[in-house]
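Presented below is the structure to which this report refers.
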Amino acid sequence: MRTLNFDNRFYRELPGDAITDNYTRQVKDALWSSVMPTPVKAPSLMAYSSDVAEMLGLSDADMHDPDMVNALGGNQLLPGMQPYATCYGGHQFGNWAGQLGDGRAIYLGELVHNNQRFELQLKGAGETPYSRRADGRAVLRSSLREFLCSEAMYYLGVPTTRALSLVCTGDQVVRDMFYDGNPQMEQGAIVCRVAPSFTRFGHFELLASRGNLALLKQMIGFTIDRDFSDWLQQQNHTLSKDEPSTALIEAWFTEICERTARMIAHWMRVGFVHGVMNTDNMSIIGLTIDYGPYGWVDNFDPGWTPNTTDAQGRRYCFGRQHDIGRWNLERLADALSTILPDAVGLNHALDQYETVYTQSLIDALVGKFGLDTWQDDDGELINRCFELMTRAEVDMTLFFTHLSHINLASPNIADLKIAFYTEQGYTNFESDFNAWLAQYAKRILQSTESIAARQARMASHNPRYVLRNYLAQEAIDLAEQGDSSMIETLLKLLKNPYTQQAGMEKFEDKRPDWARHKAGCSMLSCSS
Ligand code: AMP
Ligand code: MG
C-alpha cells in the first residue's frame with residue numbers, strides 16, 4: 001500500500017475530548033473525541049468510485065489492496081490516520097435537539113493530495129461517544145443510496161460530498177425500517193465519504209447554545225482558515241484565528257448564505273428532495289450532505305416528501321426547501337449573533353440569500369425552459385406550467401427532456417404524453433396544456449436563437465438520467481443478493497446525466513406502477 005499524506009488539522013488544531021473511553025456522554029469544551037472504528041466480521045469492497053479514488057491519488061490496485069479494504073471497513077488504520085468523531089448539535093424538525101454529534105461517522109483524518117485537502121469519513125463504523133441509544137451502524141440499502149446519489153449529484157453539477165467506497169461488513173444489523181415494531185436483520189455496510197469539510201451549522205450552534213464563546217470564535221477562525229482559504233484570499237480582511245473580526249464573520253456568513261442558496265436552487269432544478277434538512281445536516285461549505293431519506297421527484301409536486309417521518313408536517317417537502325434553507329441560516333445567524341455587536345450584518349446576509357436564490361432559480365428556469373432571457377411575464381408562464389404538471393401528474397425529468405423537441409409551429413401536448421402518469425391526467429388537462437404550449441411556443445419564437453442552440457442549452461440544464469428512487473431500489477435488491485452489477489451500471493450512466501447514452505433508454509423510464517407506494521421507492525424513514 002502506498003504511503004498516503006495525512007495532515008489532520010481538525011484533530012491537531014482544535015481542542016479534543018480528554019476522555020478516551022467510548023461511552024455515550026455530553027462532551028464539553030471540545031470539538032472531537034478520539035474513537036476507533038469497531039472492527040467488522042468480513043469487510044468486502046462492493047463498489048468504489050474510481051474518480052474519487054483518482055482525486056485522492058489512489059489507483060485501482062490500491063483500492064483492492066487488502067490493507068485498504070480493511071481500512072475502509074474500519075478494521076485497520078493506515079499510517080497517518082487518526083480516527084475521531086466530532087461534536088455538534090442541531091435543530092431537528094424545527095426544535096433544538098442539543099448535542100447530537102457523529103453517532104455513526106468516524107473521521108479517518110485529512111488526506112492531502114495535489115494540494116487539495118479531503119476529510120475521509122466512515123459512515124456506519126460503530127459506536128462513538130455521540131451514538132446515544134443507537135448502534136453506530138448503517139445498512140446496505142441506505143449506504144448504497146448514499147454512495148450512488150452523492151456521486152450522481154456531483155456529475156449533475158450540484159455541490160455535494162462524495163463517496164469513495166461502499167464496503168459490506170459481513171455483519172448483520174437490526175433495523176425497524178418503519179418504526180412499527182417489526183425489526184429485521186439486514187446486511188451492514190460502510191461508506192467512506194469524502195469532502196473538503198464535513199463541518200455543519202450544528203457545530204457552531206452547539207458552542208453558542210452552551211455559551212462557549214471562546215471556542216465558538218476559535219472554530220470560526222479555524223473554519224475560515226482551513227475551509228474558506230480561497231475565499232479569504234479575495235477578501236479585504238485578514239484573519240485573526242482566535243478573534244475573527246466582526247466584518248470578517250459577517251462576510252463569511254454572507255458567503256455561507258450564498259452557497260446555500262445556490263445549492264438549493266440546484267436541488268430545485270434537478271428535482272432532488274433532501275428529506276431531512278435539520279441544521280445538523282447543513283454543510284457550512286454549502287455541500288449537499290447526509291443522504292438519508294432523500295428522493296427524486298417523479299411526478300412534479302411541490303408538496304412531495306420521500307421521508308415518512310415527515311409525512312404529516314411536510315416540513316422538508318420539495319417546494320419548501322428554499323424556505324427551510326432560510327430558516328436554517330437564521331438559526332446559524334442566532335449562533336453567530338452571540339459574538340457580534342448587532343444583527344445588522346447578519347440580516348444583510350440573509351437578504352443576500354434571497355437575492356442569490358432568486359437569481360440562481362431564474363438562471364435554472366431560463367435554462368430548463370429554453371428562454372432567451374428572463375422577462376417579467378415569464379414567472380406567470382412557468383408557474384402555470386408547474387401548476388398543470390402537479391395537477392395532471394406529469395413526470396418532471398421526462399417533461400423537460402421532451403419539451404425541447406416540440407414542434408413550435410404547431411405545438412401539441414401529445415408529443416409530451418410519455419411524461420404523464422395516468423391517462424386520466426392526460427385527458428383532463430389536454431386542452432389546458434395545449435393552451436399553455438401555444439403561449440410557450442409564442443414566447444420561444446420571440447427569440448432569434450437557433451433551434452439547435454436552444455436545445456443544447458436546455459439539455460445542459462435538464463438531466464436525462466437521475467437516480468430515480470425505484471432505480472436505487474432495484475440496485476439494492478440485487479446488491480442484497482451480492483450482485484453489484486446495477487451499481488456499476490448506474491454509476492457509469494449517471495456520470496453523464498445530460499447526454500443520451502446508447503442502450504440506456506430504459507433508465508429514462510418514469511416510475512413504474514409497482515414502485516408508486518413501495519417501501520424504498522416512495523417511502524423512506526430517517527437514520528437507517
Ligand atoms: P441523521 O438523521 O442521520 O442526520 O442523524 C441524526 C443524529 O443521529 C446524528 O447525531 C447521527 O449521528 C445520529 N445517528 C443516526 N443513526 C445512528 C446510528 N445508527 N447510530 C448512532 N447514531 C446515529
Ligand atoms: Mg445527519
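Even glycines carry a Cβ here, placed using N, Cα and C.
The structure displayed is predicted, hence computed values, not measured ones.
The ATP site recorded in TrEMBL includes Gly101, Gly103, Arg104, Lys123, Asp135, Gly136, Arg193, Arg200, and the single candidate from Asp21, Asp29, Asp290 that the record places there is Asp290. Counted within 10 Å of its Cβ, the other Cβ atoms near Asp280 (active site, proton acceptor) come to 24, all protein chains included. Local packing around the binding-site residues Arg104, Arg193 was summarised as the count of other Cβ atoms within 10 Å of each Cβ; on this measure the leading residue is Arg193. Cα separation, Gly101 (ATP binding site) to Asp280 (active site, proton acceptor), rounded: 8 Å. All chains included, 16 other C-beta atoms sit within 10 angstroms of the C-beta of Asp135 (ATP binding site). Among the recorded positions Gly101, Asp135, Arg193, Asp280, Asn281, Asp290, residues whose Cβ is positioned under 6 Å from ligand 2 are identified as Asp280, Asn281, Asp290. Cβ neighbour count for Gly101 (ATP binding site): 26 (other Cβ atoms within 10 Å of its Cβ, all protein chains included).
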